[in-house]
Amino acid sequence: MSLWERSRNVAVIGAAVLVGTGLAVPAQAAEVEQVVNGGFADGTAPFWANGGMTLALDDGRGCVDVPGGTANKWDAILGQNDIDLVAGENYRFAFDASGSAAKSVRAVVGLAVDPYDTYFEQSPVLGETQHYEWTFTAAASTAQGQVAFQLGGSPDPWRFCVDNVSLVGGVPPEVYEPDTGPRVRVNQVAYLPSGPKVATLVTGKTTPVAWRLADKSGRTRAEGQSKPRGVDVSSGENVHTIDFSAVKAKGTGFTLTADGETSRPFDITADAYAKLRTDALKFYYTQRSGIAIDEALRPGYGRPAGHVDVAPNQGDGNVPCQAGVCDYNLDVRGGWYDAGDHGKYVVNGGISVWELLNAYERTPGLRKVGLNIPESGNGTPDLLNEVRWELDFLLKMQVPAGKPYAGMAHHKIHDQNWTGLPLLPHLDPQPRELHPVSTAATLNLAATAAQAARIYSKYDRAFAQKALTAARTAYAAAKANPALLAPESDGVGGGAYNDAKVSDDFYWAAAELFLTTGEKQYSADVLASPEHTADVFGAGAFDWGNTAAAGRLDLALVPNRLPGLAKVKASVVAGADKYLAIQKQHPYGVPYAPANNSWDWGSNSIILNNMVVIAAAHELTGRDRYRDGVLTGLDYIFGRNALNISYVTGYGEVSSHNQHSRWYAKQLDPALPNPPVGTLAGGANSSIQDPYAQSKLTGCVGQFCYIDDIQSWSTNELTINWNAPLAWIAAYVAAL
Ligand code: 9MR
């Protein structure tokens, strides 16, 4: 019996005795080892290996030869079962490991039996033998726990060795301290020379402090006193604001000093946002499914086509429905992958298409922006070329004539089961399935196809006509099936995108059909919709699940003859005024104040979408305060925030670059790239649904609920619907 085994048994007996005598057991008694024979002193048992691997001793360590050619991390595991875990107890998980190649091991503490919950995971990239150690809090109690080293997913074979595997319970909790850098927080990219320039200082002081703006050469360009703002609800920290809007100088490498701290450097220039406009839009090409990504067009990002029926892909060329859902197969190749997963979802594709086409319609400058994509130079603006890739896919998701629910759209198509990371699209081995049709997806198709019909008609009449026909058919089908709701339970192998409320989608689709056709049947539905007179500008203006504001914005801004148009326009301005009022109160200048300071999943996109409403009010009124509101909101995204981070890859001194993705997975496999420059991270999410965020951020306040780690899918994913408002706002600012 090893020392660890003995201490484990002693502890169990000790606890029993204490309970028997009625004495209180201290919450964190002795530290107790849970792993048996973790040092491999007594051979390899009770460790086991699967996936055709033989676990054997090598120089006192446990080693396996990992086969190549498996798809998932869990296709090859070295593990130990019967681990006791107690909910709420803190554990230190440690081991020494090496890899013959720079491969990542997914080290997991979880449930050994179905549903194989993960309580903690880390995926370090291996090399020479190294010690790894973390602490976490167990989320559940079980006697069927497991410590597992998941080793699969590599195309080529390699060798893994591990030693001193340890899981000690009863340790003090680890306190995660994010590195937030200097306490003076600025837009690390650029303030506009003519725009507002405000920074936030984190300090314990409650009276004004002196600040100084220096240029690149260190020369003082402005000085003043900060304004104490008290404790900021969104971060829980005491803050001041520093307003240097009076400075109109242009240049690079400015810094702001206050309270003994100097900010990260920033520019004052009007130039930065044209590049962002292009980068944020170039994001979409490398999200494409069904086409090889050309290395010449995107150096470092070339890859084979995903899901085109080439093994190990099962392909999207002839996809059946889930069992019992339909009796036909559809060719649904193409489109964009939704996010870091390989799913394609009509409701999220819909809002993304709408917002990109809306940007095109609102900012004429976009017409000339080249995106370096295969279609570039074909005479059609590149933004329309790129969005067409998704539109063609959305049209393929419509049920063909003659089939049950003809004209409706399938809610989504994705893998039968979740896959692990990393996994390039063309290597995904999972069967693909169409999920049931839904009213929401059908109305997304109706809205975006109608919008496309008016925007593409100048470049491709046949396509515009086809899109309009599909939109009309979809709208009629949705009216005939008004309550086919995508359920929350349908979330295996892909996101649920459940949507229980569709009155907003009806309103939006009717609005787009009316704007494109001018027909009374659609304006009648717009006017009769309860959404038409409702205040649709809530904490967040719109997202994939709340689309009424999309309809309202277009009714207000696309020329039309709807009765009562003045009221429609006034409602948009009133919505923008609400966001400006929130922003004014906010010491970080954020036009977003969710109820109970509970930040939503993808909060960065919500903030940007609220800014789209503010920008619409700028177009409607021409008043500077709306333009200034958009510019100030942008500062938060680029580093004027509690974490001092720019949420856009490659922009600012310190930026998010480990977003959750199966193919931009450099953090797990050094041979893969980070997300492309111009990729927005989801951002602070108070609900921290993923185990990694939970292990670091439990108890976090608002803005602090974010971590730039590939495992944090609930705070740090990238998505097609989040880059859309980034592109929209960048295009707006670039055109100012
Ligand atoms: O962005 C989505 C968020 O609003 C939902 O609350 C969440 C749970 O359904 O899903 C998010 O979307 C994810 C989707 O389900 C799967 N692809 C990645 C998306 C971003 O995390």
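Using the three backbone atoms N, Cα and C, a Cβ is placed for every residue, glycine included.
Nobody curates TrEMBL annotations by hand; they come from automatic prediction.
These features come from TrEMBL:
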SIGNAL    1-29  signal peptide
DOMAIN    33-155  domain 'CBM-cenC'
DOMAIN    179-263  domain 'Cellulase Ig-like'
DOMAIN    273-729  domain 'Glycoside hydrolase family 9'
ACT_SITE  His660  active site
ACT_SITE  Asp708  active site
ACT_SITE  Glu717  active site
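Mean pLDDT of the predicted structure over the domain 'Glycoside hydrolase family 9' (273-729): 98. With a CB cut-off of under 6 A applied against ligand 1, the active-site residues His660, Asp708, Glu717 are reduced to Glu717. Fewest other C-beta atoms within 10 Å: among the active-site residues Asp708, Glu717, that description fits Asp708.
In this view, His660 (active site) is surrounded by 27 other Cβ atoms within 10 Å of its Cβ, with every protein chain counted.
At the 8 Å Cβ cutoff, the domain 'Cellulase Ig-like' (179-263) and the domain 'CBM-cenC' (33-155) share fewer than 3 close pairs (sequence separation 6 or more) and do not count as touching. Distance between Cα atoms for Glu717 (active site) and His660 (active site): 4 Å, as a whole number. Asp708 (active site) falls within neither a helix nor a strand when secondary structure is assigned with DSSP, and so counts as coil. Taken residue by residue with DSSP, His660 (active site) is part of a strand.
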